[in-house]
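These notes concern the structure reproduced below.
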Amino acid sequence: MNNSTALQTLDAILEIYARPFNDLIYAAQQVHRLHFDPNAIQCSTLLSIKTGGCPEDCGYCSQSVHHQTALQAEPLMDLEQVRAAAREAKANGAQRLCMGAAWRSPHDRDIEKVAAMIGVVKEYGLESCVTLGMLKPGQAERLQHAGLDYYNHNLDTSPEFYGEVIHTRSYQDRLDTLEAVRDAGIRICSGGILGMGESRRDRARMLQVLAQLPQAPESIPINALVPIPGTPLEAAEPIDGFEFVRTVAVTRILFPKAYVRLSAGREAMSDELQALAFLAGANSIFLGDRLLTTGNASTGHDQALFNRLGLHRSAD
């Protein structure tokens with residue numbers, strides 16, 4: 001277990017969740033100020049380097065071959081496309097470029113191509129992150145050798161609810177990939193998706209599993225489901241805004257030193273809801289009007305919101 005937070009029982013985490021809203025936000029903000037500048041937001045950019053055609057059946061995803069969505073599959077980007085994206089990310093003030101590929105598990109030849117992309121990203125002084133699916137022995141080490149800073153592999157939800165959403169990859173597969181990444185000396189980015197029909201207990205359980213990893217993730221993305229037509233979750237009810245903010249606050253309390261990122265779904269959030277999430281301890285966002293396959297708040301809108309709230313981009 002990584003630290004005292006890993007000793008939290010599920011009931012204890014649920015008790016934190018159930019605190020009066022003002023008390024919960026106050027506690028989370030106190031924790032946040034112990035480890036971060038409360039007005040600094042870390043900014044990343046997300047790039048889909050290989051889109052669609054994924055053999056997995058994740059119920060939320062437009063890239064699955066199992067679902068009838070309007071998404072058109074695209075091949076792996078070439079280095080010059082990645083270079084252009086890195087240049088734009090740097091110009092927009094991002095500190096990290098996160099590259100995602102719709103693979104179940106990459107071939108070794110794919111890893112070599114991604115390794116070259118990581119090199120291009122590093123040329124621009126950006127941190128690098130990739131999300132490529134499950135990794136085979138030796139692949140994490142190759143990525144680390146290429147200079148990879150972060151590997152994203154979300155747990156998505158609790159072990160108990162997971163089977164309601166995904167059938168082609170086990171929960172243990174995800175944990176095994178996180179272990180391989182950590183063993184290779186790469187920092188971990190891992191979180192979940194809210195609003196898939198899970199309960200508060202499921203959300204608390206997911207956080208408990210993350211807390212029980214040998215070392216806590218350095219980055220924890222909190223996604224709000226973006227229902228996509230043609231996917232099994234297209235009619236899912238959106239998560240209550242206060243429940244979303246509660247989850248951010250509990251995440252901050254359990255993981256004092258992690259970056260807590262507002263990820264997918266932010267485009268649909270009001271400025272007021274985002275401000276509450278920042279107050280609850282969120283301190284990272286994706287810049288740009290596109291994530292992997294869904295929309296995102298524009299960089300101009302984000303900067304205007306930062307100005308209204310007195311926030312600034314983190315220099316770390």
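In case you wondered, yes, glycine gets a Cβ from its N, Cα and C as well.
Marked as [4Fe-4S] cluster binding site by Swiss-Prot on the basis of sequence analysis: Cys54, Cys58, Cys61. Neighbour density for Cys54 ([4Fe-4S] cluster binding site): within 10 A of its CB lie 22 other CB atoms from the protein chains shown.
Sequence-distant neighbours of Cys129 ([2Fe-2S] cluster binding site) (same chain, 6+ residues apart, CB-CB distance under 8 A): Ser44, Arg96, Leu97, Cys98, Met99, Leu148, Asp149, Tyr150, Tyr151, Asn152, Cys189. Annotation source Swiss-Prot lists [2Fe-2S] cluster binding site at Cys98, Cys129, Cys189, Arg261.
If you look up Swiss-Prot, you'll see 39-263 marked as domain 'Radical SAM core'. The average pLDDT computed over the domain 'Radical SAM core' (39-263) stands at 90.
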Need the DSSP three-state call for Cys58 ([4Fe-4S] cluster binding site) to compare against my parser. coil
Here the 10 Å Cβ neighbour count for Cys58 ([4Fe-4S] cluster binding site) comes out at 23
Pairwise CA distance, Cys61 ([4Fe-4S] cluster binding site) versus Arg261 ([2Fe-2S] cluster binding site), rounded so that it is a whole Å: 19
For the recorded [2Fe-2S] cluster site, whose residues are Cys98, Cys129, Cys189, Arg261, find every other residue on that chain with a C-beta no more than 8 angstroms from the centre of their C-beta atoms, and list them by sequence position. Ser44, Leu46, Arg96, Thr131, Tyr150, Asn152, Ser219, Pro221
Between Cys61, Cys98, Cys189, which of the binding-site residues has its C-beta surrounded by the fewest other C-beta atoms within 10 Å? Cys61
